């Protein structure tokens, strides 16, 4: 019986922990630099665009602007986490790192959809201009709610309170759903109104650290910035050309995105566009350090009837796997989070390259991008393959993103846990009742003196004639009728009269 109650208590404890997990939020915050600080929720990318605004509002702050982020960067603020600001998703970087912002420095802008989940940055206008690491002890603008919100400061101090800060029901319902949207960039090309996207394969001229594998990222310059070009590339009469340099190492590729402004949009939209895709088998590289896989490579070709030069946009997305064979992409982390992004105030130095400075007003301009890793599993490879479409109006190559898989609702998980616990309790009660009902008891009638404990075992376990008696209780009902009772009474009366006469 004790074991049954122990299992019951253990099941209730597990159920309680499951319920509490749905009602706990940990907010890790950093020091403030010119009022800007970083907020991470539950140790992973789990904040939506709408929740980011609500969270900053709960801290009595706002989402920072790009100018405020650049000022914080100059004050020494840098992270390795993507976070929301006003209108963008960025990473502030001071020192180059191969796994942070594609080895770029400055405020690295990510071209990401608003449906993805990241961290967030907030701006406190009343904070000091320099670094401020005082502990945050309250969420002043939160309202009543059942959620336990814990603020974890940089020095490890923790402050908890009951409440809620989210104002959108979809953010509350999706609080425990891991974001599987890979629209953060590497395999999904966002349509850009500036012009066409021309992909060119180049050999890696300078491996970065131990990450000398092939990576892909598409970037654009948000402001006037220096843009490195490979010296082997030649441009004649500003015509769109296709060139394929020789790969010094077939396993080391670099994806370069070239954007060119279409001078004559009317002539382009007037003519048809032919799109072809040629799937190529993936290859493996066992030197890769992370848990990433190889998606299929696709080749897209566009032909213009009025142009003497054929444009070929070849997109080779090389993913490498070591031993990880899962079908779901890992959660974006500080070490591996890749997306098609934009570089603002970014600076990189590469040998054998010439630097060219151009602005957005130029007729044609090309960006050279550094590699960055992006985790993606095989489950998304088949979705992203062969779903490319041409937009004749804007002349932009767009690729549809992978659809999200349906998530199991939280209430269904809780209901299943309750049913399982009730079933376990019912089985335990049934087993215990069966044991009790099946027990046999012995009736011992002691015919001697003294209690049962005082008698010898031999007397109790001896013959039935000496130690036990069978007791039969017989309920005998009277069989005589009332008439018979009357006859007997009259007979007794007559006998009594005769005796009196005789006397």
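Placed from the backbone N, Cα and C atoms, the Cβ positions cover glycine too.
Candidates 28, 449 were compared with Swiss-Prot; the annotation N-linked glycosylation site appears at 28. Noted from Swiss-Prot: of 299, 307, 364, 467, the annotation phosphoserine belongs to 467.
Looking up the ranges 411-431, 474-494 in Swiss-Prot, the one annotated as transmembrane segment turns out to be 411-431. Residues 44, 81, 82 are recorded by Swiss-Prot as hyaluronan binders, and the candidate that the same record lists for that site, out of 33, 108, is 108. Checking the candidates 204, 357, 451 against Swiss-Prot, the annotation phosphothreonine falls on 451. In the predicted structure, the domain 'Link' (35-124) carries a mean pLDDT of 93.
Following the DSSP three-state reduction, the secondary structure of residue 433 (phosphoserine) is helix. For the recorded positions shown (124, 433), fewest C-beta neighbours within 10 angstroms: 433. Each of the glycosylation sites 28, 60, 103 was assessed for Cβ neighbours inside 10 Å, and the highest tally belongs to 103. Mapped onto three states, the DSSP output places residue 28 (N-linked glycosylation site) in strand.
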